[in-house]
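Student: When I checked Swiss-Prot for this same protein, it listed these features:
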| type | residues | note |
| --- | --- | --- |
| REPEAT | 67-100 | repeat 'TPR 2' |
| REPEAT | 107-140 | repeat 'TPR 3' |
| REPEAT | 162-195 | repeat 'TPR 4' |
| REPEAT | 202-235 | repeat 'TPR 5' |
| REPEAT | 242-275 | repeat 'TPR 6' |
| REPEAT | 311-344 | repeat 'TPR 7' |
| REPEAT | 352-385 | repeat 'TPR 8' |
| REGION | 460-508 | region 'Disordered' |
| COMPBIAS | 464-507 | compositional bias 'Acidic residues' |
| REPEAT | 559-591 | repeat 'ANK 2' |
| REGION | 668-777 | region 'Disordered' |
| COMPBIAS | 672-682 | compositional bias 'Polar residues' |
| COMPBIAS | 690-699 | compositional bias 'Pro residues' |
| MOD_RES | Ser711 | phosphoserine |
| COMPBIAS | 731-744 | compositional bias 'Low complexity' |
| MOD_RES | Arg788 | omega-N-methylarginine |
| REGION | 829-908 | region 'Disordered' |
| REPEAT | 1093-1121 | repeat 'LRR 2' |
| REPEAT | 1124-1147 | repeat 'LRR 3' |
| REPEAT | 1243-1266 | repeat 'LRR 5' |
| REPEAT | 1327-1350 | repeat 'LRR 7' |
Amino acid sequence: MSLERELRQLSKAKTKAQRSGQLREEASVCHQLGELLASHGCYAEALREHQQELQLLETTDDPLGCAVAHRKIGERLAEMEDYSAALQHQHRYLELACALSNHVEQQRAWATIGRTHLDIYDHHQSQDALQQAQDAFEKSLAILDEKLQGSLPKRELSEMRTRIYLNLGLTCESLQQVALCSAYFKKSIFLAEQNHLYEDLFRARYNLGAIHWRRGQHSQAMRCLEGARECARVLKQAFLESECCLLLSQVLLDLGDFLAAKRALKKAYRLGSQKPLQKASVCRTLKYVLAVVQLQQRLEESEESDPEVAMGICEQLGDLFSKAGDFPKAAAAYQKQLRFAELLSRPGPELAVIHVSLAATLGDMKDHRQAVHHYEAELKLQEGNPLEEAKTWLNIALSREEAGDAYEVLALCFQKALGCAQLAGQPQLQRQILQHLHAVQLRLQPQEAPSTETRLQELKAAGDEDEGDGEDEEDEEDDDALEATELELSESENEADASPPLEEDEELRGCLGRQRVNKWSRRNDVGETLLHRACIEGQLGRVQDLVRQGHPLNPRDYCGWTPLHEACNYGHLDIVRFLLDHGAAVDDPGGQGCDGITPLHDALNCGHFEVAELLIERGASVTLRTRKGHNPLETLQQWVKLYGKDLDSETQEKAAAMGRLLQAASLGRAPHSSQAPQTLPSNHLFDPETSPPSSPCPGTPEVCEASTRVSQGLAVSTVARPRRSRHKVASSSSSEGEDSAGPSQPTQKRPRHASPSLQTKAPMPGPASDREAATTSTSWAAYREAIRGVGSAQTCRLGPSPLRGPSEIPIPQAALIPQEECLAGDWLEEDFPMSPGHRGRCPARPQSSGDGGRHRASGPGSDTARRPRAQARQSRLPYLESWSTPVRADRANSQATEPARSPDVPRVVAPTGENPTTGHLPGQVLPPPIRVRVRVQDNLFLIPVPHREAHSVAWLAEQAAQRHYQASGLLPRLSLQKEGALLAPQDPIPDVLQSNEEVLAEVTSWDLPPLRDRYRRACQTLEQGEHQQVLQAVEHQGSAPTFSACSLALRQAQLTPLLRALKLHSALRELRLAGNRLGDGCVAELLATLDTVPGLTLLDLSSNHLGPEGLRQLAAGLLGQTTLQNLEELDLSMNPLGDGCGQALASILRACPVLCTLHLQACGFGPGFFLSHQVALGSAFQDTKCLKTLSLSYNGLGPTALGPVLGSLPAHSLLRLELSSVVTGKSDVGLTDPVVHYLSQEGCVLEHLSLSANHLGDKDVRALSRCLPLCPSLVSLDLSANPEVSSAGLEELLSTLQKRPQGLSFLGLSGCAVQGPLGLDLWDKVVAQLQELQLCTRRLSAEDRNALHQLLPSQLGPKVCTLDQGPKLFFRHL
């Protein structure tokens, strides 16, 4: 029904109620009208209806109705952004609800108030509003828990709780409380799913997706938004789905996936929007994306065939990206254009234009140094063209100005630009150059500005020329570039009118461009295949059809999830059973973005206990851990802990039963289905997306439909579960910090051997002896012993046969696995070790195995085990054609059967004799050396694996740890992963890795002995002698939160082992290194240490020979990091920093958000320090909301620079300011003017001011005195070492203090020309107005001392402390 029709009907009903005098009925219609109008954005009209509703209900004396009307009026006012009036009505609503003792309305009132405060924060960024919002939501939740539990229907309670959790999650996100935010969102999503509250579920998933996007967690954001989009479809709200598509397109644009972004934007465009601005935004963005896609496709086609065309396309792409504000992509496009141009040997002017584009783009990216580099390259190419040289020199000057270079460098560039412009005869350009130069001179060199202004006046006669044609033309060209996409956009509109294509085809269309690919490789925006989608949607028939048609079983989406993961996540039991029957990887830990979550973890994390039980029956490991270190039992315990309060008794019983099952399984007592085949992953030589699917071994019986259950309590689990961020479901259980920024390559775990009780009875070819039958009944331990020496076609394992203890009886092993122990989908090769005294050979018979792509060599059984032989390993072979004939070996050699190899793969035969320590035998061919690349954090190590003895993954991890220690001084404990799959420490390296492969080492913990031992070990590693004083310091301060190594004059070589020893010293809060020789060369080591001690609150680097280059290194290392997030005090005093370090200092200030104290004494700052970097430093100081103490003493800033410095300081928070000796001589007059201006401004809270040694006189003290009443917070003033200040200045100061409500707690006048006798009256004022006075002058008389001693006992008695010795006369109130 249209809005107009609904409004007409309600208006008629309202008129009818008015005529009949039914006030309550009329109020009800007003309420409906208000809600309808508000839902369509007509807030003012809705407000009038609710106000009329309130008047009618007040007439009828309906307090509850009035309360609800106040709530609605408040909501409408909040939507109109009149928050103060909204809060008045909402608090009135709360008062009425309290008066009625209506807890339901009280709960709603607090929730509504909290929502309004959250809106206030969104508009005004008020932290107070945020805190009030949190308080209101918590009160609402408390009422729900304490008053309403059990008094309302469960669904209504869940709906209330869902919305409160969502609002609390949003509030915690704004408060940057990440853990609480995640927990609240998980609870909200869990309850919304459990109770099918799709509107609330949409809000939770959409908001969580936006949060993930803002945090840069693109993979999780995409899945949350797809989940929200699914809710919008269920609700049949096209506008909501359009919003999801629009935000999803922004995520995809961040990832650089323009094709996927185009599809999302087209959907948003077709679905439409309520908001005209949003519709225009969709249209504009879609035009841009279509243009980019078109250009990228053309570039791909012409890149190799026609470099000249490709060069032009790169330029168009760069221009397009630049206009859209995506400067990194623009710079990459221009760089590519430059490479093509150099390849084609284009003339200099053409190359120069590209350098200009690059320089301008880098300038937009604030990389001004690199921009200067490209301008200089352009200058060389434009040599001989004075006009272009002039423009380039101007650009160089402007870029250097942005980079913060000194005035001398800038002036030289401007002069060269001016000279070239004069040579080219361009008065307008000369004028432009002089205008820029004049602005720079006013800022940095005011004395030179008048002459430049005179030259400008002389050029004015040249007149103004039209300056805009070029820009207009450029805009027109850009518009033309975008207009070319109108055709495709109109096509998308026509699609909306025509019959829409199938959703599945729309989702999976064209992700790989025009390239023809395997039909099973088609994917949607998040990398999901047809099988993924069928598993998510619970379409068992569709899953069966796809698998029977040959769809791969274990493909991964871009995040790394397999179809089995999705089926377990959604709780589709029949689909899980079917996938397991056909060989799905039961213990797949997912890809890089999956946190090591196996299907069993997934099912438990979502509360699907029946699915979890089935997985355990099929041999799922109950000991595998996620990257966070949780095994399945711990995952279940976490799930119960998070949702325990919201679970009913039945679900709690099911969770307890599942816990008992997991405990029993971990002890080896779990029941297993004897009829369910355990099909393991197919050969990992094959790409799981393109290889043939696995099928059961021939003769494998079908799985029985009714399988054994642990208990009846686990038969059904309908509890809605928390979701991980994935397509069609909101993020809840995945790690907040894990992303998959792009498509991860499909990976597959090595085959995992399961218990014999889980295996299928499959007939095996070849005879089986009685001894084989006896082996069938052996225990699991015996089975593991039997397969310990097993090799595979992918391994090249060297080593002796397994050793048995003296009491163990050798169990003769058969050549074939007995039928009842068959590993469906896996196989054992003919490579058992052979006992001494037996030799022979068994003919190999190719036998098709269950995976459809591997072959098994089997033969008659033997009573003796055979030695393993090594084979070359080759990854991702398209197929294995055949097996070669067995190799006959002599007494020392075992027999070996090897696959045929391509000529470039070396054939390896490694004989194994009786004694593993014997040397190589004649005729032995050594295998090629294995080198493995191991990435540990930011370091990549190439580690050789010697063949002389078998090395395990644990050995490789130890080697990598030692190399990391040598490089960084930290010894980690590592676990190794390959393509997201954890490598077991005991596995031999050749079994799981091949040469030149890269593995990722994850740090599980750090080896951190006591600080003294770490220091000694670091000295040994660096071959540096131990410094005895440092050794004493680390012994005495090893466990203290403060570490000090001050005034030891340690050189860089001596500081390096100390800094390495302090890494990961978690107790460290204060680090004092004053009085050493850190210099610029040791800054990298300091940064590496600071990065590992995030709890540091104080850093003292004073007097350390730290120069401007070292400070720049420190700033660059802190950029974008959270290293000094908790730093409260920083001391850089007495370092030769100079005027050129302003930009670096500004970056450091931004990297320390809670900095309270900053010491910059005697750093060699002059007037140019602040004036050269006024914008950067001013902005940085203004943003230091917590700064309370600043010391700039002993820097020759002068009065000229002091004014801008004080103008940029945060007067509302700064409490202590030290400006001692900031003038260079008596000629620097006017220092007090900027100080007086600072003290007189409104909101100044300064408490202590130091102006000692600044050549001040009585006139300056008089000026300071006049502003004291305007700054009542100032209670401490240091004017010492100013010999021009006399008794007159003191008297003027004391007279002014009488006009204030309080005097001063401290006044320092040591070294001033105060001359006695001062008189009893003046001393009386001193005692009355000052809590502490410090006088140190030889001009005081005996009368002054007597007067002070006479006054103090009479007025203060014993509550005073005095010092009267020589020229010193101090007193202090106690």
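Backbone N, Cα and C atoms are what each Cβ position is placed from, and that goes for glycine too.
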Student: Count the residues of the repeat 'LRR 5' (1243-1266) that DSSP assigns to helix (H, G, I), to strand (E, B) and to coil, and report the three numbers in that order.
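Tutor: The composition, in the requested order, is 9 helix, 4 strand, 11 coil.
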Student: Checking distant contacts: for the repeat 'LRR 3' (1124-1147), what same-chain residues at least six beyond its ends satisfy Cβ-Cβ under 8 A?
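Tutor: The answer is 403-406, 1074, 1090, 1094-1108, 1111-1112, 1114-1116, 1118, 1153-1166, 1168-1170, 1172-1173, 1176-1177, 1179-1180, 1186, 1191.
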Student: Any residues 6+ beyond the ends of the repeat 'LRR 2' (1093-1121) with a Cβ under 8 Å from its own?
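Tutor: For the repeat 'LRR 2' (1093-1121), the far contacts come to 1046, 1062-1066, 1068-1081, 1083-1084, 1086-1087, 1127-1138, 1140-1141, 1143-1145, 1147-1148, 1151, 1159, 1161.
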Student: Where DSSP helix means H, G or I and strand means E or B, what are the helix, strand and coil counts for the repeat 'TPR 3' (107-140)?
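Tutor: Computed counts for the repeat 'TPR 3' (107-140) are 32 helix, 0 strand, 2 coil.
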Student: Give the nonlocal contacts of the repeat 'LRR 7' (1327-1350) in its own chain as ranges (CB under 8 Å, at least six residues past its ends).
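Tutor: Same-chain contacts beyond the ends: 1280, 1294, 1297-1298, 1303-1320, 1356, 1362, 1364, 1367-1373.
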Student: Which residue counts does DSSP give the repeat 'TPR 2' (67-100) for helix, strand and coil?
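Tutor: Helix, strand and coil residues of the repeat 'TPR 2' (67-100) number 30 helix, 0 strand, 4 coil.
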Student: What is the three-state DSSP composition of the repeat 'TPR 7' (311-344), stated as helix, strand and coil residue counts?
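Tutor: For the repeat 'TPR 7' (311-344), the helix, strand and coil counts are 31 helix, 0 strand, 3 coil.
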Student: Using DSSP, how many residues of the repeat 'ANK 2' (559-591) fall into helix, strand and coil, respectively?
Tutor: 17 helix, 0 strand, 16 coil
Student: The repeat 'TPR 8' (352-385) vs the repeat 'LRR 5' (1243-1266): three or more C-beta pairs under 8 Å (separation of 6 or more)?
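Tutor: Contact criterion not met.
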Student: Quick one: mean pLDDT on the repeat 'LRR 7' (1327-1350)?
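Tutor: Mean model confidence (pLDDT) across the repeat 'LRR 7' (1327-1350) is 79.
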Student: Using a Cβ cut-off under 8 Å, which residues of the same chain at least 6 positions beyond either end of the repeat 'TPR 7' (311-344) come close to it?
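Tutor: Distal contacts: 253, 256, 288, 291-292, 295-296, 298-299, 302, 350-351, 354-355, 357-358, 360-362, 364-365, 477-478, 481.
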Student: Tally of helix, strand and coil residues over the repeat 'LRR 2' (1093-1121) according to DSSP?
Tutor: 11 helix, 3 strand, 15 coil
